[in-house]
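Quick notes on the structure that follows.
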Amino acid sequence: MEKSSSCESLGAQLPAARLPSEDSLSSASTSHSENSVHTKSASAISSDSISTSADNFSPDLRVLREANKLAEMEEPALLPGENIKDMAKDVTYICPFTGAVRGTLTVTSYRLYFKSMERDPPFVLDASLGVISRVEKIGGASSRGENSYGLETVCKDIRNLRFAHKPEGRTRRSIFENLMKYAFPVSNGLPLFAFEYKEVFPENGWKLYDPLLEYRRQGIPNESWRITKINERYELCDTYPALLVVPANIPDEELKRVASFRSRGRIPVLSWIHPESQATVTRCSQPMVGVSGKRSKEDEKYLQAIMDSNAQSHKIFIFDARPSVNAVANKAKGGGYESEDAYQNAELVFLDIHNIHVMRESLRKLKEIVYPTIEETHWLSNLESTHWLEHIKLILAGALRIADKVESGKTSVVVHCSDGWDRTAQLTSLAMLMLDGYYRTIRGFEVLVEKEWLSFGHRFQLRVGHGDKNHADADRSPVFLQFIDCVWQMTRQFPTAFEFNEYFLITILDHLYSCLFGTFLCNSEQQRGKENLPKKTVSLWSYINSQLEDFTNPLYGSYSNHVLYPVASMRHLELWVGYYIRWNPRMKPQEPIHSRYKELLAKRAELQRKVEELQREISNRSTSSSERASSPAQCVTPVQTVV
């Protein structure tokens, strides 16, 4: 069943949550915004003013001063719009790597924050509430044994966080209730934190992607393709963007008849066009052929028009992402696939990529073997049993086949799965990443995500479950995570071809869940417009593009005209340790890669300056020599001057 209303309560159900009061800190988290202004809370100011006279007045006030300072040290530095909701002292975090540690647990409107002053340096755990999948109580009031009474939070980013409370302290109930309230605001009729976040960045990331500019970059419109506004009010297809690129000889009225034959009205539309051959990548959903094998003359004519727009080939490939058995099964639900008898000069290829439920189960198995401990003796067999890398291989291999048909075969391709918003997005975006060097730049990749994932209706709200306590929802699936994993695999095989680094990819995934930014909220462009996200929330790209040096690959060399052909075999794929096992301190490199990147970037900039200086010097010498050679008077002048 479709869940079209799952975005309606993200930000407009209640009056906006209050901004930080004088009782809360209003400074920026160093993990998100190092340049924000830090301000003291009223409590900190008042404690300082009390302590001014305390030194000469009362031992009790000195104790109060020290207690206030300790409390201030234990509190998190808050983001603009963030405020503290609950705090519990004398809580024990059961760290699976370094053992139990006692400290203060704080719940804010944005994060779960634990800090212990018992270790040097202090132990800090900082997790956004958006990353929490579920919260469970452990033990009862009569539970015996140390640390047997508390809470466990299961997270979407592989982690499980376990906290022990003292039964007599009665803090567990309060923390549990506040976590359930603020980690799942949609389920409680509250706005997501993205609607409260008030940070201002130099660049507005919401303006990064302009579809007209992106299509113009590709040479669209041209004699074969046009931009239509038929979906301006999202009436043709409510999960497609307002602007669509379609064959120039197909009128808008005919598009409506094609839409009636495609699942959810998702007609074939252009994603990318080859600058030389004019071969295209188009995307859509499955045809509604059903068990009876229905046909649509308009749909057949439409695909013929796509093929005819490419004079280099008299054939078109239809890549169906599904296993063939699944595609056949979809006929019973009214769906199905294109018959080669009905579609002249079309070849149908099944790519055997499994559905969202298989992928969700695969990630669950992966989590079991990587967190909290890794069983060394059976590591390879355990990893194989998850089938995670096998799924990554099939996605990469499918995208590679698409890119190869377009580049080497100079043939246009049509890509779809069932509804065209999960596996289709994986395949088109990865193929475009292989074909077009622009998408391998930082801003180009952001445009790719905005275009192929966000504007074309990948259901982020349902797949991630932003602010929703229903952790067992069958619509949840790591589709976008798999795409980013595939991108990382490509960066490993082509380390100089991408302008962005690993930290860039991890940052995107962290904020896929965090609900700090509005970028990944809602299920479609239409829903984001209704929620007015560009006005009410901050874009993730605003944050990233304000500090590009953090996300830049120092090894990058511009290969804009190169097509990448990654090897999609199990021998060349590896588990992304930097993401899936990053919480294990034993897996961290001794030298932080992030700081090493910055050093290399600084060194590269220094060397580039020297190269430019030498080039200018050579140019000046060359100019001077040519002038002396061409002018006899100038040749004599130095001699006369010497005399």
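Numbers here mean position along the shown chain, with the first residue as 1.
Note that Cβ sites are derived from N, Cα and C of the backbone, with glycine treated the same way.
The active site, phosphocysteine intermediate feature in Swiss-Prot is assigned to Cys417; the stated evidence is similarity to another entry. Residue density at Cys417 (active site, phosphocysteine intermediate): 28 other Cβ atoms are found within 10 A of its Cβ, drawing on all protein chains shown. Taken residue by residue with DSSP, Cys417 (active site, phosphocysteine intermediate) is part of neither helix nor strand, so it is coil.
Remote same-chain residues near the coiled coil (593-627) are listed as 501-503, 549-550, 552-555, 578, 634 (criterion: CB distance under 8 Å, separation of at least six residues from the stretch ends). Residues or ranges marked as coiled coil in Swiss-Prot (evidence: experimental evidence): 593-627.
Summarising the annotation, Swiss-Prot assigns compositional bias 'Low complexity' to 41-52 (among others).
Annotated compositional bias 'Low complexity' per Swiss-Prot: 620-631 (among others), in sequence order.
Under the heading domain 'GRAM', Swiss-Prot lists 68-139.
Taken from Swiss-Prot, the feature domain 'Myotubularin phosphatase' covers 205-580, and the record attributes it to sequence analysis.
What Swiss-Prot lists as phosphoserine is Ser6 (among others), and the listing cites a large-scale study or a structure entry.
Under the heading phosphoserine, Swiss-Prot lists Ser9 (among others).
Look at Swiss-Prot and you will find Ser58 (among others) tagged as phosphoserine, backed by a large-scale study or a structure entry.
Taken from Swiss-Prot, the feature region 'Disordered' applies to 1-52 (among others).
What Swiss-Prot records for 614-643 (among others) is region 'Disordered'.
The DSSP breakdown of the domain 'GRAM' (68-139) into helical (H, G, I), extended (E, B) and coil residues amounts to 10 helix, 41 strand, 21 coil.
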